[in-house]
Amino acid sequence: MAGLARGLVRGLAYGGDYNPEQWSDDVVAEDMRLMRQAGVNLVSLGIFSWVVHEPADGELDFSWLDRTLDLLHAHGVAVDLGTGTASPPMWLHHAHPEMLPQDGSWEPLAPGGRMGWCPSSPVYRRYALRLVERLAQHVGDHPAVVLWHVSNEFGGGNARCHCPESARAFRRWVEQRYGTVDALNAAWGTSVWGNRYTAFEQVTTPAGRTTHNPGHLLDFERFSSEALLAHHRAERDVLRRWSSRPVTTNFMVGFGPDVVDYARWAPHVDVVSNDHYTHGDDPWRHEDVAFAGDRSRGMSGGRPWLLMEHAPSAASWYAVNHAKAPGELARHALGHVARGSDSVLFFQWRAAPAGAEQFHSAMVGHAGERSRVYQDVVALGDLLGRVGELAGSTVVGARVALLHDDEAGWALRGGLRPVNGMPYAETARAFHTELFTRNVTTDVVPPWVDLDPYDLVVVPGLFLVAPSTAKAVAAAAARGATVVVTWFSGIVGPTGAVVTGGHPGAFRDLLGVLGDEFVPVDDGVPVPLDNGWVGRRWSELVAADDADVVARFADGTAGGGAAVTRREVPGGGTAWYVATDLDEASLGDLVERLLAEAGVAPVTDASPGVEVVRRASADASYLVAVNHDTGAPGWVAAHGTDLVTGDRHRGRVPLALGGVAVVREDAAPGSRSDDQ
Amino acid sequence: MAGLARGLVRGLAYGGDYNPEQWSDDVVAEDMRLMRQAGVNLVSLGIFSWVVHEPADGELDFSWLDRTLDLLHAHGVAVDLGTGTASPPMWLHHAHPEMLPQDGSWEPLAPGGRMGWCPSSPVYRRYALRLVERLAQHVGDHPAVVLWHVSNEFGGGNARCHCPESARAFRRWVEQRYGTVDALNAAWGTSVWGNRYTAFEQVTTPAGRTTHNPGHLLDFERFSSEALLAHHRAERDVLRRWSSRPVTTNFMVGFGPDVVDYARWAPHVDVVSNDHYTHGDDPWRHEDVAFAGDRSRGMSGGRPWLLMEHAPSAASWYAVNHAKAPGELARHALGHVARGSDSVLFFQWRAAPAGAEQFHSAMVGHAGERSRVYQDVVALGDLLGRVGELAGSTVVGARVALLHDDEAGWALRGGLRPVNGMPYAETARAFHTELFTRNVTTDVVPPWVDLDPYDLVVVPGLFLVAPSTAKAVAAAAARGATVVVTWFSGIVGPTGAVVTGGHPGAFRDLLGVLGDEFVPVDDGVPVPLDNGWVGRRWSELVAADDADVVARFADGTAGGGAAVTRREVPGGGTAWYVATDLDEASLGDLVERLLAEAGVAPVTDASPGVEVVRRASADASYLVAVNHDTGAPGWVAAHGTDLVTGDRHRGRVPLALGGVAVVREDAAPGSRSDDQ
Amino acid sequence: MAGLARGLVRGLAYGGDYNPEQWSDDVVAEDMRLMRQAGVNLVSLGIFSWVVHEPADGELDFSWLDRTLDLLHAHGVAVDLGTGTASPPMWLHHAHPEMLPQDGSWEPLAPGGRMGWCPSSPVYRRYALRLVERLAQHVGDHPAVVLWHVSNEFGGGNARCHCPESARAFRRWVEQRYGTVDALNAAWGTSVWGNRYTAFEQVTTPAGRTTHNPGHLLDFERFSSEALLAHHRAERDVLRRWSSRPVTTNFMVGFGPDVVDYARWAPHVDVVSNDHYTHGDDPWRHEDVAFAGDRSRGMSGGRPWLLMEHAPSAASWYAVNHAKAPGELARHALGHVARGSDSVLFFQWRAAPAGAEQFHSAMVGHAGERSRVYQDVVALGDLLGRVGELAGSTVVGARVALLHDDEAGWALRGGLRPVNGMPYAETARAFHTELFTRNVTTDVVPPWVDLDPYDLVVVPGLFLVAPSTAKAVAAAAARGATVVVTWFSGIVGPTGAVVTGGHPGAFRDLLGVLGDEFVPVDDGVPVPLDNGWVGRRWSELVAADDADVVARFADGTAGGGAAVTRREVPGGGTAWYVATDLDEASLGDLVERLLAEAGVAPVTDASPGVEVVRRASADASYLVAVNHDTGAPGWVAAHGTDLVTGDRHRGRVPLALGGVAVVREDAAPGSRSDDQ
């Protein structure tokens with residue numbers, strides 16, 4: 001991944017998905033006026049415009065695109081140009097129905113909608129690349145175009161395909177990965193239930209009803225992600241041949257596991273961009289913003305990334321689609337910026353009256369210019385203009401790493417487990433929440449990153465762990481870091497097979513424990529520890545062979561046994577093991593202890609409910625602060641100028657109830673300084 | 001629809017579905033005795049008798065039918081004769097499996113059961129019409145036959161078919177409706193997500209997995225209803241060629257949207273007939289009887305209709321199938337009659353020991369003559385005999401119209417909405433309940449009826465509204481009526497596209513409001529208004545540009561904004577808007593206010609829990625009264641003779657606990673008088 | 001079924017499923033040491049080893065098997081040898097995908113997994129029998145082999161197949177059963193809904209969407225069980241040709257209805273063997289052990305049976321997989337032995353790191369020898385060694401029969417019922433629980449067993465009853481037994497058709513009642529009786545024509561009518577009818593009354609929470625006692641020697657908290673004596 005995140009536009013990018021092909025010329029003219037009024041400087045164009053460019057097989061026509069690019073350019077709006085391949089034209093569906101992806105019961109996706117193509121379909125690939133090539137040739141150097149946007153939300157509908165083409169491709173992938181059938185049999189443990197293969201041609205995708213082999217399931221997830229990645233790379237390579245503009249595709253980073261493995265995709269985009277939609281019924285949705293932001297930054301190697309889509313107000317796919325509360329638009333936008341985004345982009349500019357998303361919110365709603373959201377959008381545009389110098393700066397001061405890996409999540413869900421249906425990353429988010437509320441900047445990173453910068457390494461429910469990860473985590477502890485590993489981490493290796501000899505296999509030696517048997521606990525039943533902490537859902541029989549017992553299970557089948565252990569690593573730091581799912585208060589206590597031990601402090605002082613993150617460039621240092629408390633005004637400790645108001649403060653910068661501030665600090669530390 | 005509802009039999013029709021082909025001769029002989037004892041005068045015969053008439057392809061044999069018709073005629077029982085086409089014979093299924101309807105995953109319905117035929121299947125059509133023609137030729141003038149019963153519960157199993165024949169027919173239908181592909185693209189908004197068609201041949205039924213286009217879904221519902229209607233009409237036309245008897249088919253009118261659009265079917269039957277089954281766990285099932293009755297009458301243009309099926313006691317398809325409580329048999333029967341039915345017909349006469357409905361209740365249960373239900377059936381037959389002069393009279397005095405349209409319900413469910421999974425017509429039923437408990441006679445009508453007779457027009461959650469409806473409702477207000485429109489009404493037009501410019505697009509001008517943004521609320525969270533009323537599930541940002549604010553939202557994102565508004569229409573009546581789902585008490589208050597404003601009064605006074613409706617003929621006027629309170633006796637204010645007891649009363653007619661009365665009023669008003 | 005249950009090994013058999021093909025030689029060597037240490041004397045081998053024996057079509061290679069049998073034999077471990085046909089090799093799946101079973105939507109089972117074969121597939125049958133024949137020829141007389149284990153858990157995945165082969169076979173089966181189409185039509189009641197067949201070729205399996213005919217569904221269950229049985233018998237017959245060893249296949253007896261009809265299979269195995277897995281969230285799982293044990297014994301005609309599989313600790317297919325509590329391993333093992341098992345066998349010996357069951361517990365867990373479970377397994381092996389003389393003895397003293405029939409369960413679920421979704425055998429288990437807690441030994445038997453030995457016959461919710469059963473039950477009452485029939489028993493006959501004339505048709509005369517109408521009650525709504533008892537879910541209108549009313553319904557639609565009746569059978573015993581689902585306390589009262597009336601006493605006195613059963617041989621009598629109370633020590637009244645401790649006691653044998661005892665009684669009664 002090249003470092004092209006800055007410089008698309010002057011200041012922070014502001015705008016959203018724009019679909020003028022849905023509208024008449026007078027509406028488009030109105031759009032230009034409203035965009036200027038709102039300070040929009042970047043739109044994503046042409047994401048679903050294949051059929052506009054190619055209304056019939058091979059008949060390319062870019063006249064609409066030319067007109068639109070010229071118009072936007074004339075109005076000072078830069079363009080993130082979609083390749084348009086997300087939605088194949090209906091004429092192509094009609095000609096090639098075999099192109100549709102098929103689910104695990106071999107039912108095809110319907111034509112229409114989005115992503116109606118098998119990632120391994122050679123027919124689709126050929127048509128898509130022909131379009132992309134002609135498009136790049138035609139407008140690859142248009143001055144309005146500053147970024148390429150490959151397809152759209154890869155995997156949204158075609159993440160897992162079981163059609164005959166995919167089955168063939170999967171067999172090739174398996175053969176390539178394992179070389180011999182014996183190696184395949186060993187990896188998947190096919191001797192169990194007598195399912196040994198004797199030739200690669202016998203391998204199928206894990207479709208149909210049965211209790212599938214977990215190794216098989218895991219590899220199919222990997223294959224599927226890579227099949228989509230191959231398509232992304234194919235389009236990207238065509239674009240690079242004909243255009244100098246950077247290339248991205250919009251991720252959908254959540255808690256994970258995601259539909260594709262974004263962390264492993266990240267090296268293949270020039271800039272990480274992300275679509276983020278909160279869950280309306282999540283009371284901590286601002287923390288969800290922070291988690292996704294910390295994770296997006298973790299994928300982009302700390303460099304600025306782009307918030308490619310988020311909702312101006314309500315979505316429409318939840319059971320109840322909540323409108324944003326007053327001020328939430330700005331708070332979420334700044335929340336993303338605080339975590340390293342150089343953009344605030346929305347889906348979508350103008351609400352469509354028809355189509356599947358007719359009730360999804362937009363910057364300009366059905367009621368038009370007068371709508372609340374548009375008024376807030378104008379105000380936010382003004383605010384972003386004031387803080388534009390943030391662009392290009394990076395988040396600094398993260399001394400905590402929280403390891404996250406989609407493969408661990410895939411492995412967790414792909415088989416029968418002591419507790420089934422457990423979502424991956426719940427413990428990760430619980431830890432992140434405790435760090436978030438304490439304003440401790442945390443990098444959510446894939447396990448292969450360099451752990452040297454970190455004084456606290458959190459390994460939360462990382463079910464699958466590669467030997468190299470185990471080694472790196474142990475090395476961090478050996479050089480002095482505090483490491484904390486939680487229940488059901490390090491259980492299986494890269495093939496999904498249990499590391500035998502005692503749990504958690506990957507970390508047994510580091511932690512100095514030997515786990516023998518899992519003792520899950522029903523939902524709602526507390527798991528008391530003897531130090532007053534309370535766990536949930538899980539206990540274990542753990543022998544603390546070479547570790548101190550911090551807390552023991554107070555009762556139950558694991559009663560009297562170790563629940564939380566701590567090992568002082570000879571000549572180094574410490575390695576903690578937490579053998580239950582601590583409740584919020586207990587986890588808060590633990591996190592306090594870990595932070596104290598690791599010597600990690602908050603970014604700065606702030607009143608309760610205030611989020612604060614530091615971004616810095618070579619020239620300046622900034623505090624981005626958001627007051628999520630809508631019941632009381634707040635403050636953040638700083639000396640500097642609030643770019644939002646222009647006021648200078650020493651000691652405490654005030655925050656309105658539900659308000660935001662961006663403080664350019666008086667004593668500018670060096671860029672990317674880690675010393676606060 | 002011709003006005004043939006009366007005259008099938010002398011007095012009210014009484015009986016049910018009769019399937020003597022399931023029984024031996026001695027049981028049939030017993031049936032004759034028991035029918036006479038119960039006062040049965042009409043049975044539905046031959047509904048599933050295709051295979052009896054045609055045991056092999058083309059070998060017609062009506063000897064069983066001839067015998068049975070003669071026998072019934074000899075016993076004074078008239079016949080509603082089924083065409084028998086609901087269940088194709090197994091030999092036909094075996095010969096033509098392609099005839100089976102396919103669901104949205106292309107899984108065929110199983111052969112056997114009922115309605116195992118694609119409405120667009122030419123094969124089925126040919127076989128069915130051949131049978132109907134031979135049947136009509138053979139018994140079309142039999143004196144026992146007084147009514148034709150086409151098929152059975154159209155759509156029950158084959159309401160939506162996605163087989164290749166249906167796909168072809170749907171393409172033809174779309175082409176016929178829209179003429180050009182451009183018009184189709186405009187109607188469905190296919191530019192969204194790049195799903196534009198370039199030829200009609202690309203159009204499919206909305207089968208398979210995806211987020212389908214809502215316009216596509218809505219038109220498929222319309223097509224499907226019309227495809228079934230075409231079959232009904234084809235059978236009807238054959239019958240008319242060979243028989244002078246009127247033709248009906250049994251509707252399944254509920255709250256809507258129904259499987260087919262009965263209101264649009266009604267002109268194609270000679271008399272509206274309805275099957276009605278209460279939901280055992282519905283504590284207000286007597287109100288459900290009233291709603292369905294008021295709606296059936298609304299479809300029949302106020303003329304008497306036929307209750308073709310209801311259950312003598314328990315059904316068998318619910319999770320828990322409740323038996324009818326003591327007296328409920330008579331109360332429900334009279335409830336239907338009160339709303340305009342000229343019949344009390346049951347499914348079924350005698351309980352079958354085998355088959356899918358072996359535990360469905362019957363007039364003669366498994367225990368035979370001695371069973372409670374049969375005893376009640378005999379008593380009811382006696383009662384109906386006493387009130388037979390009601391036959392042919394019509395319900396009078398309805399000054400409230402409640403608009404209902406299946407298309408609105410289809411549109412509501414066919415796409416992503418601010419709140420998903422909301423059932424249509426809940427607000428309609430809530431309004432109806434308040435009117436019902438106040439004995440205010442209400443017509444539940446499709447939106448295209450003449451609104452002139454009405455002083456109060458209720459538009460409850462009518463999501464889809466045609467411009468002509470908007471105009472008619474505005475005209476009603478302009479001429480002095482009180483109009484009330486509730487949340488999420490008038491949002492989309494006939495294609496399912498949002499009427500832009502501010503909600504509710506269809507009624508914005510009439511109501512004098514501009515709705516900007518929907519603010520749904522989670523289930524169970526109250527939405528307090530500043531006048532003490534309480535809403536649920538919904539709030540909105542509404543500007544009362546040209547209306548008075550009756551109540552405002554007390555808190556939340558919409559807090560301080562208008563919740564209930566009222567506009568005095570210049571020179572006319574008033575137009576109310578209700579922007580939340582009022583709870584029962586609040587809605588009761590609102591309804592009181594609306595009734596007072598519109599000057600609408602109850603039919604007459606009655607004690608609590610008593611339902612009363614007036615029917616009148618040219619010669620007489622009747623009050624049909626049902627005491628739904630089973631804990632206390634009641635009364636209804638009237639001067640006249642209770643036909644049930646023969647007693648004359650002045651002032652108050654007493655009602656036994658759970659009892660019924662039919663009062664012939666002393667001062668007979670003119671037929672269909674509306675002046676009470 | 002021959003009486004070969006004893007004599008496989010010396011004493012009780014101890015061990016489990018053993019899959020050395022998954023492991024390296026050094027692990028296998030370790031296994032030999034650990035087995036000896038644990039006292040293992042029997043393993044099940046080769047259950048999934050087809051591909052090991054036949055790595056390519058027709059290339060048989062038994063070298064691995066020979067080596068393994070020799071090794072086990074050398075270490076004193078006998079072998080229950082699997083035929084290996086449960087999992088066809090992947091090469092066979094690849095060559096014959098048409099062999100996969102198809103569900104009711106015709107979706108095939110995936111290849112791999114287990115039981116991926118249609119029971120009616122001639123291709124599979126040919127391949128399977130070829131393997132079995134070669135296997136039996138090769139090792140049929142190996143001294144290690146003491147038992148044949150046909151396939152594995154028949155029906156687990158292929159219980160119901162709707163593929164074309166199965167459809168053909170079902171048609172043949174139906175023709176064979178009914179002879180003529182008229183007889184078929186009469187049996188299934190196809191005149192209902194006009195579904196009469198006119199030729200057998202029109203018959204399909206009840207696949208696809210519709211409300212299927214209940215007789216059709218019931219016969220398809222029977223056919224499916226018999227199709228699997230036919231395969232079992234085919235393998236068995238081959239084995240018998242080449243080997244003198246007894247043959248079994250492992251049942252999965254639960255509450256029923258089971259995937260196949262084990263009671264009707266039992267005559268076709270030489271010894272009944274059962275797999276039993278408790279439900280982790282069942283607080284009475286020890287009672288579940290007892291129920292399954294009493295039922296397994298009921299199938300084996302009272303002879304010892306084999307516990308072929310149970311879990312050493314947690315399973316992995318539940319939502320939350322509970323580990324066994326301390327001591328539960330021994331308590332459950334002894335619970336099975338108490339009910340007549342001559343073995344304690346587990347799935348599985350050693351936990352696999354990979355494959356579908358990687359987290360299922362094992363005798364040797366992932367942590368190896370040191371694990372808690374293995375320590376408990378060693379202790380249990382020691383304990384079983386001390387009580388080995390139990391082997392061959394039989395459970396004695398059962399004077400209560402509880403009738404159970406999978407056909408009744410199948411019939412119950414295969415159609416629309418007054419209450420839908422009711423699980424079969426809930427009332428059976430409720431009765432069994434009351435008898436269990438009172439230490440009244442009960443035989444759970446199919447209805448065709450000789451009822452002569454029983455003084456109390458319980459007929460709990462036996463929905464389908466054959467005339468012969470009705471006659472036998474009546475005969476039991478006539479000769480003096482107490483009979484109790486509960487609600488919704490005896491409603492339908494063998495074809496699934498209701499016995500008309502009044503419920504419960506099969507028992508109307510015996511009980512002296514005439515039930516007219518069912519009045520189900522919603523979950524959670526109590527059904528009070530006038531004697532203080534409380535029912536649930538069900539009431540009825542019952543006329544006690546020839547019976548005494550013990551209790552009446554206190555309110556509701558059935559209020560005032562009979563709820564519990566008792567008829568003194570002239571010159572004989574009594575016949576009770578219970579027309580509601582009594583709650584625990586009420587049922588306990590009833591059971592006390594029934595036991596008193598029938599003169600049935602507990603096995604012996606014991607402290608609360610102690611389970612005790614008597615087994616006896618020709619030479620000795622034993623009390624097997626388990627203290628399920630883990631909060632307090634207990635005792636059982638006995639004179640004799642506790643074989644576990646070696647201590648002799650007179651009066652009370654003490655039981656540790658959660659402990660077990662096996663008492664050889666001083667005064668040995670005769671073998672199978674029934675006089676205590």
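Glycine residues also receive a Cβ, built from the backbone N, Cα and C atoms like all the rest.
These numbers come from a predicted model, not from an experiment.
Site annotation for substrate in TrEMBL covers C:ASN152, C:TRP317, and the matching candidate from C:ARG114, C:ARG196, C:ARG285, C:ARG350 is C:ARG114. For C:GLU153 (active site, proton donor), the same-chain residues lying six or more positions away in sequence with a CB closer than 8 A to its CB are C:ALA86, C:ARG114, C:MET115, C:ASN250, C:MET252, C:ASP275.
Contacting chain A by the Cβ rule (under 8 Å between Cβ atoms), the recorded positions C:ARG114, C:CYS118, C:ASN152, C:GLU153, C:CYS163, C:TRP317 reduce to C:ARG114, C:TRP317. Cβ neighbour count for C:CYS118 (Zn(2+) binding site) (all protein chains, 10 Å cutoff from its Cβ): 27.
Residues near C:ASN152 (substrate binding site) in space but far in sequence (CB under 8 A, at least 6 apart, same chain), listed by position: C:ILE47, C:PHE48, C:GLY82, C:ALA86, C:ARG114, C:MET115, C:THR249, C:ASN250. C:TRP317 (substrate binding site) has a Cβ environment of 15 other Cβ atoms inside 10 Å. C:TRP317 (substrate binding site) sits 27 Å from C:CYS163 (Zn(2+) binding site), taking the CA atoms of both as reference points.
Cα spacing between C:CYS161 (Zn(2+) binding site) and C:GLU309 (active site, nucleophile): 26 Å, rounded to the nearest whole number. Residues near C:GLU309 (active site, nucleophile) in space but far in sequence (CB under 8 A, at least 6 apart, same chain), listed by position: C:GLY16, C:ASP17, C:ASN250, C:ASP275, C:HIS276, C:TYR277, C:LEU345, C:PHE346, C:PHE347.
Figure note: comparing Cβ neighbours within 10 Å for the binding-site residues C:CYS161, C:CYS163, the maximum is reached by C:CYS161. Averaged over the domain 'Glycoside hydrolase family 42 N-terminal' (C:17-383), the predicted model reaches a pLDDT of 97.
Among C:ARG114, C:ASN152, C:TRP317, the residues given in the record as binding substrate, the maximal Cα to Cα distance rounds to 18 Å. When other Cβ atoms within 10 Å of the Cβ of C:ARG114 (substrate binding site) are tallied across all protein chains shown, the result is 23. Taking the centre of the Cβ atoms of C:CYS118, C:CYS161, C:CYS163 as the Zn(2+) site, the nearby residues of that chain (Cβ within 8 Å, site residues left out) are C:MET99, C:LEU100, C:PRO101, C:GLN102, C:TRP117, C:PRO119, C:SER120, C:SER121, C:ASN158, C:HIS162, C:PRO164, C:GLU165, C:SER166.
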